[in-house]
Every structure is written in C-alpha cells, then in structure tokens.
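Record features, source TrEMBL:
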| type | residues | note |
| --- | --- | --- |
| DOMAIN | 121-231 | domain 'Ubiquinol-cytochrome c chaperone' |
| REPEAT | 344-378 | repeat 'PPR' |
| REPEAT | 445-479 | repeat 'PPR' |
| REPEAT | 548-582 | repeat 'PPR' |
| REPEAT | 619-649 | repeat 'PPR' |
| REPEAT | 650-684 | repeat 'PPR' |
| REPEAT | 751-785 | repeat 'PPR' |
| REPEAT | 887-921 | repeat 'PPR' |
Amino acid sequence: MLPRWSRALGSLKNLKYRNDVCPIPRQTYSMATAAAAADVSPPPPKSPVNLDKLFWSKPCSLALPADSPHRMDEPNYEGFKRIILKLMLFYSKQSKSIRGANVIYRRVVSQVDKPLIYDVFNLEKTFKMTFSLLVLHMWFCLRRLKEEGKEGVELGQYLYELYNHDVELRVSKAGVNLLLSKWMKELERIFYGNIVAYDAAMLPEAKKDELQNVIWRNVFCDDGTSKPDDAALRAVQSRSSTTVTIPSQSTRKTNSTIKTKFPISTEVNEPDKNYQIQPLIDLLRDSASKGSLRQSKTVHGFVLKSSFSDKELLILSNHLANAYSKCSYFDGACKVFDKMSQRNIFSWTVMIVGSTENGFFVDGFNFFCQMINDGMRPDSFALSAITQTCIGLDCVELGKLVHAQIVVGGLASHTVVVTSLLNMYAKLGRIEDSYKVFETMTEHTDVSWNAIISGFTLNGFHSEAFDHFLRMKNEEILPNMYTLISVSKAVGQLGDVDKGKEVESLASELGMESNVQVGTALIDMYSKCGSLRDARAVFDSNFTNCGVNMPWNAMISGYSQNECSQEALELYVRMCQNDIKSDVYTYCSVFNAIASSKYLQFGNQVHSMVLKSGSDMMVISVYNAIVDAYAKCGALVDVRKIFDRMEERNIVSWTTLVTAHSQCSQWEEALAIFSQMRKEGFIPNQFTFSSVLGSCSGLCFLEYGQQVHGLICKVGLDSDKCIESALVDMYAKCGSISEAEKVFEKIINPDTVSWTAMISSYAQHGLSENALQLFSRMEQLGIKANAVTLLCVLFACSHGGLVENGLHYFQVMEENYGLVPETEHYACIVDLFGRVGRLDDAMEFIRKMPIEPSEIVWQTLLGACRVHGNIELGKIAARKVLSIRPDSATYVLLSNTYIESGSLEDGHTLREVMKEQGFRKEPGCSWISVNGRVHKFYAGDQNHPQKR
C-alpha cells in the first residue's frame, strides 16, 4: 500500500495546484484543509511536542473542536474542484496515518535492537532472538490497536507493512537474497503462529501461567526445558497493557502514560554474524529433494561468507555434498568433500551414494576403499550404499569383497545390511548366493522376503518366487504392496491363472486390490496369463473412475498383447472421454493395437494427438511404435517420412524400418536401408539380422546372405536361436539345403523354432521323408511341436504326395498335440487332395469343415482345378473367392484354367470382365545379382540403364 500512496502524493505534487487546473485560492485551500492536516499547521505557542510522551499516551484526537474559531466548514465546491479537494483531504489523512505508523515502528525497532535488553536478560543476539522479540513487540502494538476499532485496525495494517519491509531488510542483510521468498514465508508462518499463541494465552479460560510459558518458549528459551526468568515475565506482563497513540479524528482524551522500562533509541544495529545452522540444513534438504542447484549454491555461498565452528561446518559440508549430488552436480560435491578439514562416516557415505546415483560407480568404490584405508570403519548405511555400487559395476568379485567386509565388521546379522547383500547378489545374477544369504538370516522381515521374491522373479525363477510367497504367508509375515507386485510378475510369466487368483484373493483380503500399483500389477498378470476376462474384472471393479492412467495403460496393453485390438482401441477412446492423460506407455500400446488391426485411419488420429501433446511425447519409443504401426498398415511412404523427420534414432528405429520393407516384400529397399544403417555406425541386433535374412530369402540372394552370415559371426550373434533359425530358412530358400543342414547341426539344444525351420526347409525342397524323419526325431527328444510345426509337416506330406500320413497328422493334432486346426491346416489338407487329383474328396472335406472356409482354402482348390482342368469345380471355387475378396489373381487363375482346358473364348471373356472391373494383372518380375548389387527387372523392361 505504501508505494501506491507515495505515487499518488507524488502525482498531486507534480500538479503544483496550478490555477488552470484547479483555480482554488491558496489561502482558501489552506483554511479548508486545516482540520485534516493539523500536523502541518503552524504549531501553537506551546512547548515542543514530546514524542516519547505522545507514543506512550492513550489515544487522543488531533482534530479541532467544533467550536474552535480556527475551524472552517468545508467549502461547497462542485464538479472537478470538489473531486480534487476530496483527494487532497483523503491523501492528507493517509499521510498522517503513515507518519504515525512510522513513529510507532521506530520505537519498536529501537527497543528490539538496543543491546541493553540482551544484557539484562543475558540473551544471545542472534537473528532468531531479534525476530522473536520483534514479533512480541508487534503483538503488544497490534493487540492494543485492535481495541481502537476500525481506525486502530487501519493503523495496524500500516504498522504490519513496515514490519514486513523491515524483516525483508534484515533477511537481506543476512546474505540470503536469493532465498528471500522462502525465508519470508517461513517467518510469516512463525509470526502468525506466535500471535495466535499469545492471544490464546490472554483468554479468560487460559491457564494462569500460560502467557508466561508461551512467551518464554517463543522468545527467551532455546531448548524449551529451562524455567522462565521472573524479570522477563514482569516486563512482559507490564508491557501487555501498553497503550499507543492512534492518529484519528476521535474526540477521546487522556493524559495517562506508562513509562518504558528500557531507554529509547533510534539507533539500528548491524545484524549479528553468529547464525544457527538448522535453517541452513533445512534449506539444503529442501534443495536435495527438489533438485534445486541454484538454491544449493546460494546456501554454499552464505556458508563460505559466515563463521561456524568446526562441528557446525562439518555438518553443513556433509549436507552440501549431499545436495550437490542430488542435483546431479557431483563435481561440486567432490570439491566440498576435498576441502573438508575433517570427515565422519556420514561424509564418506554421502560420497558413495552420490557416486552411485550419478553413475560414477568406480569413484564410489574408490571412496569406499579410501574410507577403509583412512581407518574409518564403515557402518550399516555405508555398507548398504556400497552394495548398490557393486550392482552398478556389475561385478560379483567386488560384491564378495564387500560381503567379506560385512562379516569382518560384525554386521552379518544386521537385517538392513544383509537384505542389501542378498538384493545385490540377485541383481548381479547370482540368485544361488542370494538365497544362501537369505537362509543364513536369523530373522526374516517383510523387506528381506520382498528382496528374495523379487530376486527370483528377476532371474527367471518364477516358480520359486511363488513358492517363497506361500512360505512367507505360512510364517505369518504380512505381505505388502511390493510383495504383491513382485509375485504378480512371477505368476504372469508362469501363465498360471489359478495362482493368479490366489494372489488376487490375498490382495482383496488385505484391501490392496484397489491400490493403483497393486491393481495394475494384477491386470498385467491376468493379461499375461491370457485371462482377459479376469483382468477386465479387476479393472471394472476398482479403476473405471480412476484418474490415474496406470490401470488404463495395463488394460489397453493387455488387450493389445492378446491381439484384441478392437477392445484396446475402444478402451482408449473411453480413456480420452474421461479426460485421463495419456503418456508414453499409453501411446505405445495403442499403436501396437493399431498395427495389429491395420486401422490406418485411427492411427492418423492418434498420431495427431501425439503431435498436439507436445515435446514430452516426442520420445523415440513412441516414434518407433508409430513407424511400426504405419508399416504394418502398409503405408510405407508415411513410414519413411516419419523416419526422416526423427531427430534421434536408435537401433530399434532402423530395425523397424528394415522389417517394414521386408514384410511388404520390398526386399531390395530393406537391404539398402540396412547398408545405410551400418554406414551411420549402428550395430545390427538379432532382430535386424532376422529381417535382413528374410529379405535375402525373398530375393534368393545367396551371395549377400553369406556376407550377412559372416557379419553375424563377427558381432558374436551366431549362437542366437532366432538368427540360427533365420539362417536355416535363408539357405533353404536360396536353394542351398546342405548349408541349411550345416547350420542346423551346429545349433546347441535347438528349440521348437529351429526344428520347424529345418522341417520346412526339407518340405520346400520336396524331401518329405527327411522332413518326417526329422519330426520323429524331434518328438523323441521331447520337443513340443506347435501349430507352425504341424503345418510344415502337413506341407511336407502334401509336396510328397503322402496323403495317408498327412491325414493321420491332421487327425491327431488335437488329441496328441493339444492343437486346434486353423484355416492354414485345412488349406494344407485341400492341397494334399488336390495334388493327387482327388478334387471331389477335397470338395467334400471343405463342406465338412467345422469353420467357415476362408479365401485361402478356396484359392487352393482353384489352383488344383487349374492343374487338373476341372472347370466346373474351378468356377465354384472362383465365385467363392471373388465373394470374399475380389482381386486380379483370382481372375487370372480362373482365366488360365479356361485357356488351359481349351476354352479360349471363355478365358478371354473373363480377362475383359477383369478389365471392366478395374483389376490389372501385376507383371512378373525377376532379380539378378551383379557384383553384390541386386537388380530388379520386368518382362520387356527397357528402362534399366544397362539394357542391351
């Protein structure tokens, strides 16, 4: 408020009351404003005003009596003149209140800053003490002013503004300008807290000694244990009834005064330089929690400019190093640590933890070794911290050294230390050692149980994780949130719905099913078990109105993983309708669902939402998901545009692009992208190589495939099962069955995919007997066949004309292998009949199919009809295909059937119909490799630069 009044008065002063603006005679104006500005009127011939007496007197009026000859009525001006006059009167009153507040506050400050008060009560003059006394005196004034009604409250407001301004100056002089806002908020909280406490102590129902205790606690006592000083109490009680003067128009008068106990002085002392360290420690802790480097540096500068004892400096240095570490300014932490004249165990622990959290694991271990060399014995916190360093270094040997130090230090029975130790072994992949440590523990807490269950889950021992979960229950250790999350992950990997229901039942008993993290883990568990109904039940029971996106993300991801794309997209739409914010995980799951459903239009809409979400969503994982979705929707042009606009790319981005072109049969482009990727310095992974080998297979590019094989061996991925299977398939499709056999025989413990790849290779080359023998060998080794394996077996029987064998394997699929035949298996049996000319049996088999025959089944029959010249059955098959999905291949196939059976006219007529329908026969193409480069050409192609 003060700056506003100053600006207003300044504006009026600038007017200088010019006659052209306000033609009020100067003499008339003086007379008119005499009552409102008595303090500027010529003083009467009396003795000078005693400010001290005025300050401590009771309220009196400064206005002239109504019958005074010097009093004049306000002139009756109208319009602009009246407005100006009113403003002058108002500002004159405000000016007087401000001056009065200044007088009062100067008296307060003189009392607070006078050294005598500290000497009388033997007080140490610190910022805290000075501030506490200042608040106490403000309470004296404000409490008395409050009794004067509206005018007293108004004067109290001016007084409070002066107090605030003074406190700001005192804090600034303390050297913490950058923390001024924080300090002022804290001091304001203390101010109001003390005022309320003082007022409460003055209530009639308050205890007799309440005021004494409150004032002693807030002002005179540092530890709250000593007894109040009688002299201080008497001073306070005498001052609690002090009266102050209120500049007002009141007619009340009094001559009574109360003398002050202390001398009056307007001298302002410089603030003392002996500071308490607790506020600084609190600020450093606040800086560490918020990651505020600027605030940490400010406190550091203040510490450097001030004087502290060695003990205080050690404590502050430890907190400074910790704050710098939490702010990711580890160099600053090291500088503080290096300049410390003395260190304690906390100093070393701070540096070990800081090194680990900032990724400087070697430095962290060096600090630990240096601490031991300096004769400092590590405590439980230091040892727990160094186990995290060993995890970061991924070094079991160093972990064992720490284990030995724990034993030597006599902390092998310390629960916290041993729990950190078993957690370290688990995260380093040594679950056996972790379990040994767990078994040697004399007492198992929920933390140690959580550590071992999480360790088993992390290392793939999911059954053991669930068994220890049951054991934990049997020992009557109550599972907590972390237990349920860990065991849910283990059950999800086991895919056991019954175990999952047991976990959910316990979570429900403990009342944790509605916990966001536990509920999300349960939804994810059921999704991985394939039980989407149970997952949705958990979601609908607890999270339909949840504003957090975690359960929504888990449910959408569950639908996406189980190829329920429609449900995933519907749930995402509902999530958007509920105004729940999407994050990176949301968009990745949604784009996976779009990729599965090939719903390009929806993908465009979600893509636009990502762009509108801002830079937070423009992360590489979301871009990769977008590229994959567009690729699987066949929009390769958009894929390349998005890829080229990406500011950052990783190996996943390049692999996605290579795979997209490979799956869309643009094999030569896939190989070109692969070459570009290598030029930019990216090292291919197993998924990249699988897509590249697939492109080589599509092009029958044996020479390039062999070069890729050499590169695979060079980067050390030749023993990867995924790549080994892809190599077998590549060599077989490129016509080198012997190389495919060599690769297969070198595979150590081939899995189902490897066996299937080799069986398929034999089938493609017409080696049906070899394929069946290999399948028999696979069964003898106890390798479980999947649906693709049986499809390859049926394919081998079909190519070899082994009708009875093929029918046998088809009939025992469900009984012996637990596999329900799919459309592709039915098409194989149709092909099996068609290759040997048993078209009527094929047609009868189709009529008896328990599922609706698909396009591929009818196309297979149509191909057989063409080979055997069965036009009537071919027409039936062609009509079925065209009713499902009309395309040029079906028209061409039926046309060729007509022509090859001698019905040339019908064949040509069908070609004309195809043209009328807008279908165009895709021309055949071929590839040739020249000097390691693939060339693509069509029949009659005249566009190649090397044509002759």
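The backbone N, Cα and C atoms fix where each Cβ goes, glycine too.
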Taking every residue in the repeat 'PPR' (650-684), what is their average pLDDT?
89
Should anything in the same chain at least six residues away from the repeat 'PPR' (445-479) have a Cβ under 8 Å from its Cβ atoms, list it; otherwise answer none.
415-416, 418-419, 422-423, 425-427, 429, 431, 434-435, 438, 486-487, 489-491, 493-494, 499, 503, 506, 510
Distal contacts, the repeat 'PPR' (650-684) - CB-CB under 8 A, six or more residues away:
620-621, 623-624, 627-628, 630-632, 634, 636, 639-640, 643, 691-692, 694-696, 698-699, 701, 704, 711, 715, 927, 934, 936
For the repeat 'PPR' (751-785), give the DSSP counts of helix residues, strand residues and coil residues.
26 helix, 0 strand, 9 coil
